[in-house]
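Visitor: Structure incoming, see below.
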Amino acid sequence: MSTTSRREPPDLAALLRKKKEEEAAAAKPRFIPKKERERLEAEKKAKEEEERKRKEEAKPQPNGTNHNGNRMDGIQSHHNHNPQRNIPTGPKAMRYDDDRGPNGMSNGRDYRDNRDNRDNRDRNQRGAKRGAPNDDEEKRAKMERNDEAELRARYMGPVVNQSTFSAKKKRRRTAANKFNFDWDADDDTSRPFDPIYAERQEPLVRLGGYEMTEEMVMRKAEAIRRGDPETGEERARQYLEQHRRIKEMEQRKNLGKHWSEKKLEDMKERDWRIFKENFGIATKGGAIPNPMRSWEESTLPRRLLDIVKNVGYDEPTPIQRAAIPIALQARDLIGVAVTGSGKTAAFLLPLLVYISELPPLTEYNKNDGPYALILAPTRELVQQIESEAKKFATPLGFTVVSIVGGHSLEEQAFALRNGAEIIVATPGRLVDCLERRLLVFSQCCYTIMDEADRMIDQGFEEPLTKILDAMPVTNEKPDTDDAENPQLMSRYVDGKDRYRQTMMYTATMPPIVERIAKKYLRRPAIVTIGNAGEAVDTVEQRVEFVSGEDKRKKRLQEILNSGQFKPPIIVFVNIKRNCDMVARDIKGMGYSAVTLHGSKTQEQREAALASLRNGQTDILVATDLAGRGIDVPDVSLVVNFNMATNIESYTHRIGRTGRAGKSGVAITFLGPEDNDVLYDLRQIISKSSISKVPDELRRHEAAQNKPQKGQKKLEESNGYSGKGGSWN
């Protein structure tokens, strides 16, 4: 044979590469047409039918032959021509002796096992004859192992607890036939060199809430320039200008800023809602203006703002923020605010703006009465309001006069001889002046009722009604929607008088107060600051269960001697005759003390308050007479030597401290006689953020449920009755 016809040896690398390609092609999913699938299905069914027929032909017959008449075991004769016996056997009678049990009976299970072993051995021997010549040694070794196993089973018994586990039976899974769900690199159609995908384009359509960046804006402007050589430059400039204006508008809206960082014109409804929540302002009524955020943003005249700054009012209180804008629109107002919230300035400043627009008092009109009237329940509160009003009215040239009991009518008539724009009075003494023709209200068009609920509690409903009925009716507001229109209510009636404006400030709204408000106020705006009847958060409330006068005096001495509280200090008692007793004991402790109750004359009351305010006296011992409306600066401690008979009086007592944003402490002594108010006391303390309800009060039986019966009242408990208790 020549060298040209000689076969070249196969290339191993080529074979491996070809095999890998075939495997990869087989692993990849391939689409098969429908006709091809039908043909393959028919071929598969034909093969299965052929295989089934072949198996039926090879199935053995009952006589041990197949369909061809041959023996299934390959033996053609009944005689065994195997000349070799591997295992020697004994006589037939003794061959199965070992298989018998103790009673001479054979063990059927062992007999069957040995018979099976012999059949296997004979079958192996017969199969050895049919094996290929190159498998003789392997088969001979296998037969020897079987013979050894048979001998062991015969003479040593069967193997017990032999594991049938075989490691060869474990099949290892290969990844050859595992389906690959990933795309092959050849299937990628987004080729980098494709010009379509060479430069990615940003979509111009955006979903809601998407903000275009400066880079995208410049890119779009550049695309406009390239796409339109003629007018592209101008269009791109207009597009950038439009984007700049939109951005400025968004910055003006800027909902993310806090209301304190925004300008007044940028405030939205959401900002005003947050503002009111921050200051605890709640308003009710139609056409109510927004509160003022600062003094500078109010519509008060510049001259009045300068006076406010000189007085020391840096920031308005919540009631001032809400009430002043409403009052400046000539609206009737009901203010419900906690004690010590700055109500006095809230109604004084709009009052001064109102009367500054009226003609000044002259010799011709000074006898027609004042322009404004302020009513208060107690003499001390009247004098306090008068003092506060003079701070603002005197620089503006207005006169303020107080009319209270305890002074002679001649003295007060002399004070009114030159007329007064503002009169501050108690209802009782003011009715006396009206009945004696010392005063008229012919031109009074501004009325303020401070502590209206307190005036009703003291029995001033009838005097209050007489005073309000004495007001002129020609300038009374209509009870229609026009009363809510600030433009209409700011006009003059018949060219000379303005519409009458009435305001009422109260801590609670009992039915009598509501009836008066409904009768004399027209479509009022209602302003509520915080929760009515609750103590301010600047007062830390403490309660102690101390029964007996002696124990309470001893505990009071311990508190005063602790050095934690500086003067002035106020001690409240329920019965006015106890004032002098407690004051005498306090003086025995080494402290100066004065008393204030209904039996004191007006001169004594004024002297007591003046000595406390001036620092000449350390401690004031008083009944509820001083518990409401009295403003003594820097009171550090209030001691309720006797718990008030109702929770409203308790609230006003402790309101004497913690005023004007300062902190204070209120300590209350409790006894068995106070069970009727323990439930309300627990509730009001639990609502305070700086106070803690003591365990003894929390577990007390009377503090668990609100009492059903009426509250217990002590004789002369309020300090207003008895000799010398007249308010006039």
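Note that Cβ sites are derived from N, Cα and C of the backbone, with glycine treated the same way.
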Visitor: In Swiss-Prot, which of the ranges 418-421, 450-453, 718-721 has the motif 'DEAD box' annotation?
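Guide: Here Swiss-Prot associates motif 'DEAD box' with the stretch 450-453.
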Visitor: Which stretch, out of 61-89, 235-263, 293-321, is listed as motif 'Q motif' by Swiss-Prot?
Guide: 293-321
Visitor: Tell me the Cβ neighbour count for ALA337 (ATP binding site), meaning other Cβ atoms within 10 Å of its Cβ, over all protein chains shown.
Guide: 25
Visitor: Same chain only, sequence gap of 6 or more: which residues have a CB within under 8 Å of the CB of THR344 (ATP binding site)?
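Guide: Those within reach of THR344 (ATP binding site), by Cβ under 8 Å and sequence separation of 6 or more, are GLN384, ILE385, GLU388, ALA389, ASP450.
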Visitor: By DSSP, what is the split of the motif 'DEAD box' (450-453) into helix, strand and coil residues?
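Guide: The breakdown for the motif 'DEAD box' (450-453) reads 2 helix, 0 strand, 2 coil.
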Visitor: Within its own chain, what residues at least 6 apart in sequence put their Cβ under 8 Å from the Cβ of LYS343 (ATP binding site), listed in sequence order?
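Guide: Residues satisfying the criterion: ILE319, ALA323, GLY335, ALA337, ASP450, TYR505.
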Visitor: When you tally the Cβ atoms that lie within 10 Å of each candidate's Cβ, which of the binding-site residues (SER341, GLY342) has the highest tally?
Guide: SER341
